[in-house]
Amino acid sequence: MPREYTQDLRPSALSQLTMLMHRNSLNNIRNPGVYGVRIVMYIMLSLMVGSVYAYNTDEENLIPLLFYVQAFLVFMSVAVLPFFIEQRVVFNRERANSSLSVFSYVVANFLAALPGIALIAVVSSGIVVGIAGLNSFGYFVLNLFLSLVVAESLMHVLGATTPHYIIGIALGAGVFGMFMLLEGFMVPYKSIPAGWRWVHYIAFHSYSFKAFMYKQFQPSGTPASLAILKRFDIENVDVDAYMGVLAGYAILLQAIFAFVLWKWHTGRR
């Protein structure tokens, strides 16, 4: 059939968005590897982390806890990459038939993932904050949620640019490892060599970690907590602005994902 006829028969972008959101939501529910298994893993890790710090009375000991929650729970997002690459095959076939809008596909994929990510963030935060007695539950949930959204958005980009999931997982692990190293926990910002500070600024981990630290120790107001903030050079942090940075990071990665699909995944040989 001529291309102009297939375009005329193609559903509107809104109709495609609705249909794709429904389909992706069902796939996320039916496929336990997308969110089901991950939720169980997050619950087990959160219970273990919370129980380790349940009777902690030293504020200094909470710093590794905040780093672990922010860094390792985000790192686990690489587990979803194989399922994203599986979806790419379906996308290529449907786009080859001129029946799929890249914009509708990307937006539907993004929106359908949010409930699962939100559930992970709320459950994990509730366990860790509740057992360990941390501060600022609402911001803790928001921070973890946005960090996971950014991480999955990066997995979308890697899923669209790598030929095999093992390569994608290796690249994702490398990026996360680099960001974790230079986010400001292992090496405080002032001690990071000048040639590596650019990584600190592009790492979304940096903004997430600083927000976790500030919201935990600033409300306490004790000499020990204020000394911790001073040592990590996060005495004055605009947490709302940092949450905006994370949201912007996710949108940018989704835009890159859309461009890669539009440019290189046409479904034609």
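Glycine is treated like the rest: Cβ placed from N, Cα and C.
Here the structure is a predicted model, which means the values were calculated and not measured.
The domain 'ABC-2 type transporter transmembrane' annotation in TrEMBL covers 16-217. Taken from TrEMBL, the feature transmembrane segment applies to 35-55, 67-85, 106-131, 137-158, 165-187, 241-262.
Within the same chain, residues 63, 67, 71, 74-75, 77-78, 81-82, 85, 151, 154-155, 158-159, 196-197, 199-200, 203-206, 208-210, 232-234 sit at least 6 positions outside the transmembrane segment (165-187) and bring their C-beta atoms closer than 8 Å to a C-beta of that stretch. For the transmembrane segment (137-158), the list of distant contacts is 69-70, 73-75, 77-78, 80-81, 84, 109-110, 113-114, 117-118, 120-122, 124-126, 128-129, 168, 171-172, 175-176, 204-205, 208, 211-212, 215, 239, 243, 246-247, 249-250, 253-254, 256-257, 260: same-chain residues at least six beyond its ends, Cβ to Cβ under 8 Å.
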